[in-house]
């Protein structure tokens, strides 16, 4: 769904700005009354639906469940924040304290029945606002609409799964997917359980068609510090095949390198939509809503869904979701895709999953109506050249709809549990799709006819070999993005880093890469999982790679003073320091001599000051005792923060520290220091 930036206000005066928007749209009400959304329910059900559509949307957030201190953070929030948020009054209205979302696993999601503007402006809620901002920046929580949390929960991901998020920006669901992967692998944190990252063989590929929105994903991903995410930029409806290594048969003399098309275990298709389930936060929709928008979106949504099903493994699952209530964008798209795939795909019954989640079944019938609420029985009846109708927009006969089990789709309405409106369908692929069975005129005029999957699998090898003759060794030189170029493990810089930090031989040093054409480590060195590397190297100039990997090492300028001290002490200094993003992943593989313990008081001084002098640390503190033993250059500070010592929660902190002759510095950006300070001390020291 496109961004909506127009500011508006509530009631006959809207609630979050000065321009006036009346929260009424007779066309919208008439349209959905004719659709008979609540068939078989009391007559006042539609009134309740409209009442909640006019209410401000609550603020919701979830705690990242795979984090090593997720439950400590939950307990901390409930102990130190929830009690102080009782009896809060804003502009005469009582704001209830935060409560747990009952259907979210492990009680790790919360709802605050106040919109974000109120939380930002209300003095009693300022402390909550600081908590939400700092923990979100630190990657410990995600501020996310409640219904938006649902699609990843329905996918049931496993650590070995390769997952595609087709329309990923802004990235909250992408983050949720990688969190789910780690949680299933019993990894409490990619950062703090990195030796177990070997058990995570999978990868999340996050795609978005808009280059700017694809860049929005980068912020979400950087917070996670995961080596198992790759961002790409393509039109989801024409997503290119991605290759990986295939089998390598031998002709007796030579081994022949083959590639195969990567098929995904799980796919999320949270497609562009009219967004009419988001009236509660996008108030401009009250005056902009148009029934006709569904007609223009339906073909794109169908193309994306069918392309996703083509990319899905047999036995794999795809979740199709929208923040729309319109059946033309929901059940009609799912029905058309099921019919087009000729029985190779079926809807999964998820009615028992998340048992506390209130939902309605998918609609088995609906009307095709335009802005004037004129009903069409077929595309032939359309005389309006401003809209295009296709057969796929109509429901099939009742018997066929029942056979397809369209009721297995899930509809969520705002009045059910104080959320936005949402639609979810889970589809499983049981057989290869014979793409020749598609009738493009029947479904959408722009749908491409493709050969059957098994034939396509065989023929693309030749195409790829032909195109590879003109490619360079560096990934992505055809596109504007800086290429991903892997570094030879015997490179001088890598050998220096490995020797200096004593990196364990079990660490895969062939998975380091840089983002420049030369392949020389001139500034930053990144790391990603083995499948990430395989995809980069097998899809040179075919796939537009945007971002991925974790920054592990950064080149550090060594001052002349430090060089002189180093010579005097007869000890080397490595000109690559460990970056804060990668410190926790690489730490288990480093020599213990690079770790130095410090207390909370020491950490507070380091957070508060740039390059504090050694004399600023307490004589009784651990850091001053460790200082003389600490080699010049980069080391790792280890702080075991405990509530008994004054920390807000128990947590182990590992951060890079740079030791100079008479001072040391915590190698964190100012914003990172602020977040760490708020997390540990409840204030920006």
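Residue numbers in this text run from 1 along the chain shown.
Every residue gets a Cβ built from N, Cα and C, even glycine.
Keep in mind that what you see is a predicted model, and the values were worked out from it rather than measured.
The active site, nucleophile annotation in Swiss-Prot covers 323, and the record cites sequence analysis as its basis. The S-adenosyl-L-methionine binding site feature in Swiss-Prot is assigned to 167, 168, 169, 170, 171, 172, 173, 208, 235, 270; the stated evidence is sequence analysis.
DSSP assigns residue 173 (S-adenosyl-L-methionine binding site) to a helix. DSSP classifies residue 167 (S-adenosyl-L-methionine binding site) as coil under the three-state reduction. Spatially close to residue 169 (S-adenosyl-L-methionine binding site) yet at least six residues away along the chain are 208, 210, 213, 214, 216, 217, judged by Cβ distances under 8 angstroms. For the pair formed by residue 171 (S-adenosyl-L-methionine binding site) and the residue listed as 'active site, nucleophile', distance between Cα atoms is given as 15 Å, rounded to the nearest Å. For residue 167 (S-adenosyl-L-methionine binding site) paired with residue 323 (active site, nucleophile), the C-alpha to C-alpha distance reads 13 Å.
Of all residue pairs in the S-adenosyl-L-methionine-binding list (167, 168, 169, 170, 171, 172, 173, 208, 235, 270), the one with the greatest Cα separation is 20 Å apart. When Cβ atoms from all protein chains are considered, those within 10 Å of residue 173 (S-adenosyl-L-methionine binding site) total 25, not counting its own.
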